[in-house]
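*Asks:* Just passing along the structure, written as structure tokens.
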């Protein structure tokens with residue numbers, strides 16, 4: 001029987017898992033003596049479903065070992081790169097290097113940047129002075145929505161103060177908030193999409209990095225994978241996000257629960273302990289600006305601090321933040337921390353509602369208020385919660401009723 005010589009001396013056959021940026025996945029069978037360039041050619045032929053007409057296609061792509069996050073060298077073999085059976089490789093198109101600008105082009109580019117700088121309010125008003133006014137109903141609607149969000153925020157600020165005072169009167173307050181703090185940690189963990197996390201970890205990314213990437217990219221696997229690859233050499237890639245590096249710290253602070261003694265000294269210790277827990281809970285709910293919106297607005301010429309203020313005021317909505325930066329900047333970031341007039345009919349009606357009164361004695365309601373204060377987009381989650389939903393529904397109904405009258 002005739003056997004080809006190359007088959008006799010072929011190395012061990014490996015099954016390699018290939019992934020692309022658009023989510024396509026398949027298995028490639030290669031021998032240990034196959035070069036990375038040959039493997040890449042096989043992958044591209046499979047990916048484009050045919051022959052490679054343009055020879056540059058090979059040089060314009062690269063293979064990355066997902067587990068070690070390193071780019072494979074074309075001239076080396078599978079064995080040289082220490083690839084194992086069922087390893088995961090990413091097929092990615094290389095970014096073309098930027099063409100170095102000429103000196104004349106550099107000066108022209110600088111001049112163009114100055115000319116394209118974001119206009120201020122006076123320049124916009126001057127340029128649009130002769131335009132007719134349109135879509136006035138839409139403007140009024142947006143204004144009313146913004147007023148509602150501002151008023152709701154003031155209500156939450158004042159209700160947080162009331163809830164803290166009520167819960168502090170409970171003799172089991174410290175224990176309640178130790179449980180609440182643990183519930184907060186559990187809540188943070190629940191927000192990670194388990195399926196998305198599994199996809200990234202199966203590609204070889206460390207779990208902690210995958211969780212961070214998913215949270216920064218709204219649980220998008222593709223965007224998270226891009227972020228992980230782009231930041232592989234970033235020394236801060238393993239640094240925790242703000243508010244996530246003190247997990248369990250509040251529990252440690254509240255480890256010593258005061259005894260049943262009703263002395264003034266014990267009461268003072270209990271109040272200090274509660275104050276510290278409140279501070280830690282607030283730090284876990286710090287506002288996190290959308291990184292993509294920050295970059296986009298800064299590219300328009302705005303200062304980073306102004307951009308973060310704008311996103312905080314406008315619930316991380318980039319278009320609304322841009323309008324705020326170009327407008328009168330109302331409400332100001334300082335206004336967000338002011339509560340509602342406690343003598344107003346609206347606030348009195350809210351406090352007199354039995355559902356709200358009962359809800360204010362529940363630590364979870366306080367956590368919900370704190371969360372919505374810094375992350376208004378999470379309000380839907382709390383509206384659907386069986387414990388906090390009825391409280392939020394009553395507040396909304398009372399506001400709408402008094403607002404109409």
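Even glycines carry a Cβ here, placed using N, Cα and C.
Please treat TrEMBL annotations as automatic predictions, because they have not gone through curation.
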*Asks:* Given the ranges 165-199, 200-234, 235-269, which one is assigned the annotation region 'Disordered' in TrEMBL?
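*Replies:* Going through 165-199, 200-234, 235-269 one by one, TrEMBL gives region 'Disordered' for 235-269.
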*Asks:* Taking 10-37, 38-65, 66-93, 94-121 as the choices, which stretch does TrEMBL tie to region 'Disordered'?
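*Replies:* Spelled out, TrEMBL records region 'Disordered' over residues 94-121, not the other listed ranges.
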*Asks:* Across the domain 'UBA' (191-231), what are the DSSP residue counts per state (helix, strand, coil)?
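*Replies:* So the domain 'UBA' (191-231) is made up of 29 helix, 0 strand, 12 coil.
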*Asks:* Would you mind splitting the domain 'UBA' (288-328) into helix, strand and coil residue counts from DSSP?
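*Replies:* The counts are 27 helix, 0 strand, 14 coil.
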